[in-house]
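Working notes, structure below.
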Amino acid sequence: YNIGNLQCPNAVLQHMSIPQFLGEGKPVVFVRKSESDYGDVVRVMTVVYIKFFVKTTKLCVDQTVWKVNDEQLVVTGGKVGNENDIFKIMKTDLVTPGGSKYVYKLLHCPSHLGCKNIGGNFKNGYPRLVTVDDDKDFIPFVFIKA
């Protein structure tokens, strides 16, 4: 989403499952760090880089990988292979209203620091993804194969 009329939009927003609000979520690809992880399945706590799977301009083609900026906001502009742009997926004990037990949380896990949950915060009126210090504070994610 383009906040601030940037040449390459870099905001990563939380998709709200409310009709008419921010449209549909955008598909992502999980790029595994290790070549030993084969197949289509990304296992929990595997080191991954998260990359939007969207059409983009030639100018912005390198602006699709997620990272955390100095304000602790999740933005694009990361690089696959950069140890600071590592994320992990962790299973939670939550259950969806429909009864699914496949509810996860995302962690940002730069190599030189411990992992932090990805939570939410409204910044300038937008539901932004941010790192949070409280282990119980996180946004639950449900993944749908695109």
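Placed from the backbone N, Cα and C atoms, the Cβ positions cover glycine too.
Taken residue by residue with DSSP, Cys8 (disulfide bond) is part of neither helix nor strand, so it is coil. Taken from Swiss-Prot, the feature disulfide bond applies to Cys8-Cys60 (among others).
All protein chains shown were included, and the count of other CB atoms within 10 Å of the CB of Cys109 (disulfide bond) stands at 18. In the three-state DSSP scheme, Cys109 (disulfide bond) is classed as coil. Annotation source Swiss-Prot lists disulfide bond at Cys109-Cys115 (among others).
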